Amino acid sequence: MILEDLLMVLSCLSLHALWKVRAVPILPLSLVPDTFDDAYVGCSEEMEEKAGLLLKEEMARHALLRESWEAAQEAWAHRRHKLTLPPGFKAQHGVAIMVYTNSSNTLYWELNQAVRTGGGSRELYMRHFPFKALHFYLTRALQLLRGSGGCSRGPGEVVFRGVGSLHFEPKRLGDSVRLGQFTSSSVDERVARRFGNATFFNLRTCFGAPIQALSVFPEEREVLIPPHEVFLVTGFSQDGAQSIVTLWSYDQTCSHFNCAYLGGEKRRGCVSSRAVGQPEAPSTEALALQSGKTLLLDPRKLQLSRAGP
């Protein structure tokens, strides 16, 4: 009986350990080629003309989008007069940020789910992507708030991001990766850790925009990173159940799509857009990850592998 009881206990412990492992999936960091990554280069004015009607059509089909947008419009009307905004920044851009940062509903999650999976083809985007106007307004808001030039205009933002439900791991140091969605981060490490520790990111972003003044939750001191920014993996370690990832922006974006709503087809490669003053094209040399050890690369001494296939 003692042996049977012991075997039963061991069996339960094994099942519990297996459940814990499966409860936090491991996802590889990559260039996520199926992300819808349009940056609307050269067509932002035409998209501004079309996005208003497009938004009305999409709100008619999506109740949560309509409710969230209308609530954010009201909040923006009270917030707007307190803000100093860049030239070209319109009410729709501010409302889009307030819609995204309102985590009291699931719309931000639904948007990012669509972004991560909606870039298989232009046909897929046109038929099934339900947030075309919101994606445009949010992308444009970040471009206007951040300004052109990336880190050639300044050192960028050092930010942190905590994830509680997923383990993200790079394949190797020196890889180029994208986050593949609109990614919330904070300049305050303590704030970021409140969102989880399964994976903890340390990042330097050149295209993420500080949105604290526009956010529904300004105390989070948020910097919002666009889906198409390219990062260099400079560090990875595991501390028990926690993965710690260090990403250093290469001061570059890349996109498979450009002006898709206006007819632009998906391109085979991820076409890079370099910021002014960016270093020359990088070497493909990289170091392999070693399990259980902390590996770090000095981003000033390592060049990035090509962003597109």
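Cβ coordinates are placed from backbone N, Cα and C, and glycine is handled just like the others.
Database features, via Swiss-Prot:
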type	residues	note
ACT_SITE	ARG161	active site
ACT_SITE	SER184	active site
ACT_SITE	GLU222	active site
BINDING	TYR100, ARG161, GLN181, SER215	NAD(+) binding site
DISULFID	CYS43-CYS259	disulfide bond
DOMAIN	63-253	domain 'TR mART core'
CARBOHYD	ASN102	N-linked glycosylation site
CARBOHYD	ASN197	N-linked glycosylation site
SIGNAL	1-23	signal peptide
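Taking the features listed in Swiss-Prot, we show where each one sits on the structure.
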| residue | record | contacts (Cβ under 8 Å, 6+ apart) |
| --- | --- | --- |
| CYS43 | disulfide bond | ASN258, CYS259, LEU262 |
| TYR100 | NAD(+) binding site | LEU107, TYR108, LEU111, LEU134, LEU138, PHE182, LEU224 |
| ASN102 | N-linked glycosylation site | SER68, ALA71, ALA72, TYR108, VAL216 |
| ARG161 | active site | THR183, SER184, SER185, SER186, ALA192, PHE195, PHE200, PHE201, LEU203 |
| GLN181 | NAD(+) binding site | THR35, ASN112, VAL115, ARG116, PRO227 |
| ASN197 | N-linked glycosylation site | GLY162, GLY164, GLN242 |
| SER215 | NAD(+) binding site | ILE97, MET98, THR101, GLU222 |
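Regional average pLDDT for the domain 'TR mART core' (63-253) in the model is 96. Farthest C-alpha pair in the NAD(+)-binding residues TYR100, ARG161, GLN181, SER215: 18 Å apart.
Under the three-state DSSP scheme, TYR100 (NAD(+) binding site) falls in the helix class.
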